[in-house]
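Engineer: Just dropping this structure here.
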Amino acid sequence: MKMHLDEKIWLILSFGLIMGFMFFTGYQTFVLGMGPPSHMETIDPQNVDNIAPFDEPGVYQVGENEYEVVMTLEIFSFNPGNIEIPAGATVTFIMTSKDVVHGFQVADTNLNAMVMPGHIQKITQTFHEPGEYLVLCNEYCGTGHQHMATTITVK
Amino acid sequence: METAVKNFKEKTSNVFGINPQDALLSKSYLLVAFAALLLGGTLGLLQGLNRAGLLELPRWLNYYQVLTAHGLLLVLVLTAFFTIGYFYAGLSHNLGGLLPKVRKMAWIGFTLKMIGFVLAVIPILMNNATVMYTFYPPMAASPIFYFGLVFIVLGVWMCAFGSFIQVANWRKNNKGKHVPILSYFATGVFVLLFFGSIPVTIEVLMIIPWAIGWVETINVMLTRTLFWAFGHTLVNIWYLTAVSAWYVIVPKIIGGRRFSDTLTRVVIILLVIMNIPGGFHHQIIDPGIHESVKFLHVFMSLAIAFPSLMTAYAMFATFERTARKKGGKGLFGWFKKLPWGDVRFLAPMLAMIAFIPGGAGGIVQSTNQLNQVVHNTMWVVGHFHITVGISVVLTFFGICYWLIPYISKRVLTPAMNKLGVATTIIWTVGMSLMAFAMHWVGLLGSPRRTSYTTYMDHATALSWDPYLFFLAIGGTLLMVGVILQVYAVVHMMFFAPKGETEFPIADEEDNATPTPYWTEKWGRIIVIMLIVVAMGYVIPVVDMIVNAPPGSPPFRTW
C-alpha cells in the first residue's frame with residue numbers, strides 16, 4: 001500500500017496526539033497524584049450501619065484545616081447533609097451506598113465519583129473559595145433521583 | 001457448473017436488482033427501525049420539554065419511564081434493525097442473493113427480536129422496569145424485562161450467523177477472491193455484534209435468577225463491567241455501519257472512486273480488534289478498579305481513535321481527488337464541486353463533519369482527569385447526541401434515499417430529494433443546538449438522567465435553565481425531522497414512481513495496488529481480538545470476582 005507524504009504526516013500527528021494524551025494522563029495520575037477516584041476497600045452493603053466508620057457518619061477534623069466526611073448515600077439523601085467547613089479546608093470524602101448505585105458530584109468543583117454498594121469510595125478536594133456548593137446525585141437511582149441533593153457551605 | 005450458475009445469478013441480481021424475497025426482508029427491518037424512530041423521537045421531545053421546565057409529565061407517565069423507553073427504542077431497536085436491514089440488502093446484492101437458509105435465519109431472528117422487544121416494553125409501560133437501558137443492578141426490574149433481552153440477543157445471533165454462512169458459502173465458490181467490500185464490512189459488524197453481546201448475555205443470565213428470587217444477592221461491580229463490555233461495542237457497531245457507507249457508497253454518489261481497499265479493510269480489522277475493552281472508559285471514576293488498570297484502559301480507549309483518524313484522512317482525500325477531477329481549484333475551492341444538493345451525499349457528509357467535534361469530545365472524555373469533570377453530566381448526553389444522533393443516524397437517513405428505492409424497485413424523485421435536503425438541514429440544526437447546549441451545561445455541572453429540578457432553587461441549578469431551554473428548541477426541530485424522515489421512508493417504499501435504482505458501490509482506482517490476502521483470515525483476526533479482550537479484562541474481572549464484597553439484594557426504587 002503506497003502512502004502519500006501528507007498521509008504519513010497526518011498519521012504520525014494522530015499517533016502523537018494519542019500518545020500526548022496518554023503522557024499527560026499518566027503524569028497527572030502517577031506523579032501529581034490526581035488519579036480518578038479508585039478506592040479498593042469493600043464493605044457488606046447490607047450491614048453498613050454497623051461497620052465503622054459508617055456507623056457514625058459525620059464531619060471530623062483530622063488535622064489543621066483538614067477534614068474527613070464519612071458519608072452514606074441512600075435513596076434519596078446524603079448523610080450527613082448541609083455540611084459546613086472553613087475556607088481553605090482540605091476535605092476527604094469517605095463514602096458508600098446503602099442501596100443502589102449513586103453518584104457524588106459537587107458542581108463548580110472536580111468532585112465526581114461513583115458510589116456503589118459493597119465498595120468504599122474516597123475523593124479529596126481543597127475548598128479555596130467560600131460559597132454554598134451544590135452536591136447532587138448524578139446516577140439515576142429511582143423516582144426521587146432529582147431531589148437527591150444537599151450543600152457544602154464554605155465560610 | 002455450480003460456479004457458472006452462481007456467477008449467472010450474481011449477474012442477474014446486478015442487472016435486475018434485488019430479488020423480491022430479500023427485498024421484503026430488508027423492508028420489514030427498515031420499517032421497524034423507523035417505527036422505533038417515530039416512537040422514540042416523540043418520547044425524546046417529551047423529555048426535552050420537561051427538562052427545559054416547560055412540560056410537567058402526567059402522573060401515570062414518569063420521566064424515567066419515558067427515558068428508559070427512549071433509550072431502548074433508539075439505541076437498540078432503531079440502530080439494530082437498520083443495521084441488519086441494510087447489511088442484509090448489501091449481502092444479497094454483493095453475493096448473488098441470500099441463500100434460502102440464511103433468509104430463513106434472518107426471519108427467525110426478526111421474530112425473536114420482536115418477541116424480545118414486546119416482552120421488554122410491556123414491563124416498561126407498566127412501570128415495572130424503569131431501570132434505563134443500562135439496567136445497573138442492584139436495581140431490579142420485572143424478570144420479564146430480562147427475558148425480553150435474552151430473546152433480543154438470540155435474534156441478533158441468528159442474523160450474525162446467517163451472515164457468516166452467507167459469506168462462507170460465497171468464499172467456498174470463489175476461492176482466493178476477496179469478499180466484496182460491503183460484505184466485508186458486514187462480517188466485521190456481525191463479528192463484533194456476536195462477541196460484544198456475550199458479556200451482556202452472561203450479565204443477564206446472572207440477573208434473571210436474582211430478579212426472580214432464586215439467588216439472594218448479586219455482584220454489582222461485575223454486572224456493570226459486563227454491561228459496558230457490550231455497551232461500548234454496540235456504539236462502535238453503529239459507527240462501523242455508518243463508516244461502511246462513507247467508504248463504499250459516498251464515493252460512488254459523488255462520481256469518484258474508493259480510497260485504498262487495503263486501508264479500508266485494515267480500518268475494519270482494527271476497529272474489530274480494539275473495540276471491546278473500550279468499555280472501561282465508562283467506569284473511570286468507579287471504585288474497585290485500580291488506577292493502573294484505568295491507565296491501561298486510557299490506551300485501550302484512545303487506540304480506537306486511530307482508525308477513525310485514518311478514516312478522516314481517507315474521506316477528505318477522496319473528496320478532494322474527485323472534486324479536482326471535476327475541475328475544482330484552490331486550497332478549498334474544490335469544495336464547491338461536491339454535490340451538496342444531493343441528499344445521498346449531503347446527509348452522510350454532514351454526519352462526517354459532525355464526527356470531528358464528536359470524536360474530539362470522545363478523546364477528551366476518555367482521558368481520566370477530564371472524564372472526572374464531565375462524567376454523568378449532560379456533557380455525555382451531548383456527546384452521544386452528536387455521535388449517534390448526527391454521525392450515525394444522519395448517515396442512516398442518507399442511506400435511505402437510495403436503499404429504499406432500490407429494494408422497493410422505485411426511484412428517488414427530485415421533489416423527494418429536496419425534502420431529504422430539508423430534513424437533513426433541520427435535523428443537523430436541531431441536533432447541533434441541543435448537543436452544544438448539553439455539552440456546555442454539562443461542563444457547568446448539570447447531571448444527566450435527571451428530570452427537571454432546581455434543587456430547592458439553588459443558585460447554581462437555576463443558572464443552568466437558559467441552556468436547558470435549548471433542549472426544547474432542538475427537540476422540537478428534531479421532531480419535525482423525524483416526521484419528515486418517516487414520511488420519506490414510507491413514501492419511497494410504497495408510493496414513489498416505479499423504476500430501477502442502482503445499489504451505489506464505488507469501484508477502486510484503476511491503478512490500485514492489490515489487497516494482501518491476509519485480510520481475509522478472519523480466524524486469525526478473531527484470535528487477536530480475543531487476546532486484546534483478555535489483556536483488557538482478565539486482571540480486573542478476576543479481581544472483581546475474587547475480592548468481591550458481599551453481594552446486593554434486588555431493589556425497586558421507583
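Any Cβ shown, glycine's included, is placed from N, Cα and C.
Keep in mind that TrEMBL annotations are predicted by a computer and have not been checked by a curator.
What TrEMBL records for this protein is below:
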| type | residues | note |
| --- | --- | --- |
| TRANSMEM | B:29-49 | transmembrane segment |
| DOMAIN | B:29-496 | domain 'Cytochrome oxidase subunit I profile' |
| TRANSMEM | B:69-89 | transmembrane segment |
| TRANSMEM | B:105-125 | transmembrane segment |
| TRANSMEM | B:145-169 | transmembrane segment |
| TRANSMEM | B:181-214 | transmembrane segment |
| TRANSMEM | B:226-250 | transmembrane segment |
| TRANSMEM | B:295-316 | transmembrane segment |
| TRANSMEM | B:345-364 | transmembrane segment |
| TRANSMEM | B:384-404 | transmembrane segment |
| TRANSMEM | B:425-447 | transmembrane segment |
| TRANSMEM | B:467-490 | transmembrane segment |
| TRANSMEM | B:525-546 | transmembrane segment |
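Describe the structural surroundings of these features, if you would.
Structural biologist: Long-range contacts of the transmembrane segment (B:69-89) within the same chain, counting only residues at least 6 positions beyond its ends with a Cβ under 8 Å from a Cβ of the stretch, are 18, 22-23, 25-30, 32-34, 36-37, 39-41, 43-44, 47, 98, 106, 109, 113, 117, 120-121, 124-125, 132-133, 152, 156, 159, 162-163, 182, 185-186, 189-190, 234, 237-238, 241, 388, 392-393, 396, 399, 403, 406-407, 503.
Cβ atoms under 8 Å from those of the transmembrane segment (B:105-125) belong to residues 25, 28-29, 32, 65, 68-69, 72, 76-77, 80-81, 84, 88, 98, 141-142, 144-145, 147-159, 161-162, 165 of the same chain, restricted to positions at least 6 beyond its ends.
Counting only same-chain residues 6+ beyond the ends of the transmembrane segment (B:181-214), those with a CB under 8 A from a CB of the stretch are 83, 87, 90-91, 93-95, 135, 137, 140-143, 146-147, 149-150, 153, 156-157, 159-161, 163-164, 166-167, 170, 222-223, 226-227, 229-231, 233-234, 236-237, 240-241, 243-244, 247-248, 258, 261, 264-265, 268-269, 271-272, 275-276, 505, 522, 525-526, 529-530, 533, 554.
Taking Cβ pairs closer than 8 Å, the transmembrane segment (B:226-250) reaches residues 75, 79, 82-83, 86-87, 134-136, 181-182, 185-186, 188-189, 192-193, 195-200, 202-203, 206, 258-259, 264, 267-268, 271, 275-283, 304, 311, 314-315, 318, 344-345, 348-349, 351-352, 384, 387-388, 391-392, 395-396, 398-399, 402, 504-506, 533, 537 in its own chain, all 6 or more past its ends.
Tertiary neighbourhood of the transmembrane segment (B:295-316): same-chain residues 236, 243, 246-247, 250, 259-260, 263-264, 266-267, 270-271, 274-275, 277-278, 280-281, 284, 352, 355-356, 359, 362-363, 366-368, 532, 536, selected by CB-CB distance under 8 Å and a gap of 6+ residues from either end.
Using a Cβ-Cβ cut-off under 8 Å and counting only residues 6 or more beyond its ends in the same chain, the transmembrane segment (B:384-404) has close neighbours at 26-27, 30, 33, 74-75, 78-79, 82, 86, 89, 235, 238-239, 241-242, 245-246, 249, 253, 343-348, 350-352, 354-355, 357-359, 361-362, 410, 412, 416-417, 420, 423-424, 427-428, 431-432, 434-435, 438, 485, 488-489, 492-493, 501-504.
Within the same chain, residues 30-31, 34, 37-38, 41-42, 44-45, 47-49, 51-54, 397, 400-401, 404, 416, 419-420, 422-423, 426-427, 429-438, 440-441, 444, 446, 452 sit at least 6 positions outside the transmembrane segment (B:467-490) and bring their C-beta atoms closer than 8 Å to a C-beta of that stretch.
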Engineer: Who are the long-range neighbours of the transmembrane segment (B:425-447) in its own chain, taking Cβ under 8 Å and residues 6 or more past its ends?
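Structural biologist: Result: 48, 350, 354, 361, 373-374, 376-383, 385-386, 389-390, 393-394, 397, 460-461, 463-464, 467-471, 473-478, 480-481, 484-485.
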Engineer: Just to confirm my parser: what is the rounded mean pLDDT across the domain 'Cytochrome oxidase subunit I profile' (B:29-496)?
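Structural biologist: For the domain 'Cytochrome oxidase subunit I profile' (B:29-496), the model's average pLDDT rounds to 94.
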